[in-house]
């Protein structure tokens, strides 16, 4: 695989992972290792900024993984901006996975507030990777305000329903045209979903629940890693078109046994 | 991966491949190699049984690959039975991928004729791997007459449309309950489809067009190989259920930045 | 609407209804009336053949409705044949909706046993309307043995999931080519499903659970009636093709307000 | 059907229709009549405001139909606002179907610009019915700025692909909770789609291409009318839930013929 480049930094893995919902931090650490991920997202609100040693961060090797603080739990643009500043001030990172999610019920992003918050944060020097809907017009706005990636959902967070609309993700890929990475974030439930995201032209996926809540998170992390590689290869290899017209695998020429 | 066992023989790969539709036999040979496949299906009618050296078979290392003759092009049970006998008489194999496909338009199997032909061939000592619909009641019949595997379609041959009905494949898996392998055969268009088949509980997949007609067949063969492994691992790891109710990746406990 | 002709008899309604699952026989009678149906199916096993007055049949005006006895509950061809004979012997009808359903879990038909039973019953002079899968090759067999209609499922009985595969129903319509009616039977959950069946080329639908278990069965019966008429009209009117390429509703010519 | 109330005005029909793409204005007039529609949308740019007699408007009985000018062809909020003002100034209406569609390729609305334009127009006293995406958070914003309805697409304009996501439409219905009508606008291809929109809780649909480009527009208009009524009735009647578990139509009690 070619490296994934975000804001000038290169990564060999195209699978990003989350840190929530694991049964234990030991299992999380093993799953992170098996995933091959280099970017690990962590909710700012979960980090004990004053006593880092005893917290989640003690389980993440910061020499190996790039930490991507996220603003999970923020319902408004203002909250998200404040949370990003707090993370940077505490020395976590100037990268931020921006999440503005008004409803705890649907966990779907607010596209308008996300664009607003992104604009503020970009101006303050943040590297902004926004979690967004699968609307390509919104993706265009996020690009216009200077985001370093676009992270559309496949489906709602934690549902494991894969890509609700392959076409909408494809439209975002067309819209973005490689200027920044497209990362499918949320909804990935199984390796097939991850492969499909890459096949559709996404540059990477972010997976949390599907690994953390799998029966065997470490094995699932490894499966996701393979699937991402498979999808990446397939995209470059060029898949056959879907067709309504069946086509025989074996040409008719030289038929025997049908005299 | 555990070995795949068919009729008492063990295989390390869960990806079977076809030999039709390649631009050249050289490309086919490379793609076979990249796929890791051990079982290679070949249409009996395409084999020049008298002058094997100059034919397709010269490109397939028979020490490495197990040849699975198929009855592609047979429209009736009688034709298929005759073709299988011809292949065995010519020394090809007593294994047969049974295809009874009445219409060249849809390329869908005739479930009733398939059961009839399978019954005849099993009685004659063939190891029968029937290509069939995604109907679990038909799968039951195929088991009852002694087939060594059940090979339901994902979708019609050559369409690349993946699994039309995950539920129907799952029902066949439930029906068969591991007594013989379930191999999804036909319709696989991309690695995500192959992974999904394994995740759904299929024991293997057979892929032809999606590799042979890919932009880069060798790279696609490798992608399929990875996807099959990913799907296999995921099935054993235990995927999260699909849910209508979103669930946050980051628990609410210990929230900072929202005081 | 043109009349629906089955085995030489004409019907003005293209909505057939069932008689099971109603909260009361009074509600059933009202719903039948609202549906406009002329063909009413009734499970032979539910009919008290000796004491008809006190039973279900007392609630069905036999001058108005054509009774279509069905073999619900029969797991094998033999049982179904026996049940049809019993119904005829008791004077119910020589028409039979043939159901051979091996599993009480999935309630899906056995296509092979259905063809076998149909063949026997047609030879005995029955007018056979078989409940079958959405497999067009099976439909072909049912035609070959002389069935008077083909009744594929939309989805499994009682699930209300509509047409699992519009394409498979379309393939049956193409296969049958108007020689006998195609009636989508099972799975209709809402008027949109009924309309879709007719739009796809089915000649009629049979609805039971979706009416009987609706909040207001009488209103739902009326809704189904309207939807069937809508779908019938639309089929003849000729719907627009589905398109991947959007097309503006308003031509560009004569644009004002954009100078 | 209960009347549909928009901005204090009542309508008996829940089917709105467009005026573009007809082969002739005579056919359009007949189709309008057959549809039973009371609200007819017309692109401001297509109206010859100075010579109304010779134009489209001469074919629409303004005593019978409420004209709903739309801003089709406007790529930005500014253009749309200007077009709405122009229509009002010319005496067309102070109602406006607001369309802000940046790309002629996808014909999908710009949710952010739509909210901006809606806010301006509401403040200027317009009755604003915005064409929008199927994003419920955007719908919430449109309500907040005072729109008189929310008009999400089913799928892209002119594609006839129906409701891409029933769940997203349902989410908008939940969001709006009856405060203003939800009108599914764009993508309706057949009566089944129209019925489904109403069944899902939409208050009305707007149909243009599916009628205008049908083989027989007048018959299709009638079919749409019936389907809308069917969907409306079904919503109130209460449909059965979709179920993964099949349920027999005929209870087991009192079985005969299986002794």
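Glycine is no exception: its Cβ is also placed from the backbone N, Cα and C atoms.
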Residue from D:158, D:231, D:238 that TrEMBL also lists as binding 1-deoxy-D-xylulose 5-phosphate with D:186, D:187, D:208, D:209: D:158
Among ranges D:160-179, D:240-259, whichever one TrEMBL labels region 'Disordered': D:240-259
Confidence summary (mean pLDDT) of the domain 'Thiazole synthase ThiG' (D:6-251): 93
Most Cβ neighbours inside 10 Å, all chains, among the recorded positions D:97, D:158: D:97
Chain C neighbours, restricted to the binding-site residues D:187, D:208, D:209, by C-beta under 8 angstroms: D:208, D:209
Three-state secondary structure, which DSSP defines for residue D:209 (1-deoxy-D-xylulose 5-phosphate binding site): helix
Residue among binding-site residues D:158, D:186, D:209 with Cα closest to the Cα of residue D:97 (active site, schiff-base intermediate with DXP): D:186
Collapsed DSSP category at residue D:186 (1-deoxy-D-xylulose 5-phosphate binding site): coil
Residue D:187 (1-deoxy-D-xylulose 5-phosphate binding site), number of other Cβ atoms within 10 Å: 27
